[in-house]
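Written out below as structure tokens is the structure these notes cover.
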């Protein structure tokens, strides 16, 4: 029998204002062609399915929806309709309850030559016991063989406490639009710290002529900013998808809540 597809629900790390729109994502990985949808169907919900890609026998598909924050009280559900029906409801991240409505605007700029993670100087901590994120990586997730298809970058960060953290992506000259990426809710890891990840959809397939992309991480509690970059001219890809057996989990870590 074919293994059931893995489903991962994604949301922005920061709680939205009541009048704002927010992006939610559903990442599905399975051994068979997939068909996924989002419920409920409403004219105010903008739905976009990124083209399915296959790598090492696994199909990967991302469904992204943009919804009004005021409508998050609805029963939002990601549903796999093919090959076998399976659904997963969206749940509010616990971290949203503790977040202030005030937002922080990152001031970091992308550096074309940067290919390693760089850490800003950590100043006095506002929260007792706060731990700055220590591990940040950006890797190529998949590479399409067709120009009309998209490629993906995966940014992973871990070792931080408390869990409130902000991730964003930069191109060479400007910040990437939030409609181009989705970020997972932070999950606990051994030692009382947290980890999270973000997937960026690139507008075109990988090419040596394309630019460098930078993942920026802001952890306000520890007054820490990190950034890591990946040049698309670097050859080779990283296989970060889960194996065909075993329990459901995120591409490189424990299951999402």
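The backbone N, Cα and C atoms fix where each Cβ goes, and this holds for glycine too.
Secondary structure counts, DSSP: the domain 'Ig-like 1' (5-105) has 8 helix, 52 strand, 41 coil. What Swiss-Prot lists as domain 'Ig-like 1' is 5-105.
Taking the Cβ of residue 78 (disulfide bond) as centre and 10 Å as the limit, one finds 24 other Cβ atoms among all the protein chains shown. Per Swiss-Prot, the feature disulfide bond maps to 26-78; the stated evidence is sequence analysis.
According to Swiss-Prot, the feature N-linked glycosylation site maps to 58 (among others), an assignment based on a curator's inference.
What Swiss-Prot lists as N-linked glycosylation site is 75 (among others), and the listing cites a curator's inference. Under a cutoff of 8 A between CB atoms, and with a sequence separation of 6+ in the same chain, the neighbours of residue 75 (N-linked glycosylation site) are 39, 40, 89.
Per Swiss-Prot, the feature region 'Disordered' maps to 89-111.
Marked as compositional bias 'Polar residues' by Swiss-Prot: 96-111.
Per Swiss-Prot, the feature N-linked glycosylation site maps to 112 (among others); the stated evidence is a curator's inference.
Model confidence over the domain 'Ig-like 2' (133-233) is summarised by a mean pLDDT of 80. Taken from Swiss-Prot, the feature domain 'Ig-like 2' covers 133-233.
Marked as N-linked glycosylation site by Swiss-Prot: 135 (among others). In the three-state DSSP reading, residue 135 (N-linked glycosylation site) counts as strand. If you draw a 10 Å sphere around the CB of residue 135 (N-linked glycosylation site), it holds 14 other CB atoms from the protein chains shown.
Feature annotation from Swiss-Prot assigns N-linked glycosylation site to 227 (among others). For residue 227 (N-linked glycosylation site), the number of other Cβ atoms no farther than 10 Å from its own Cβ, over all displayed protein chains, is 25.
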Coarse DSSP state, helix versus strand versus coil, of residue 227 (N-linked glycosylation site):
strand
Neighbour count (Cβ, 10 Å) for residue 26 (disulfide bond):
25
Count the other Cβ atoms sitting within 10 Å of the Cβ of residue 58 (N-linked glycosylation site), across every protein chain shown.
20
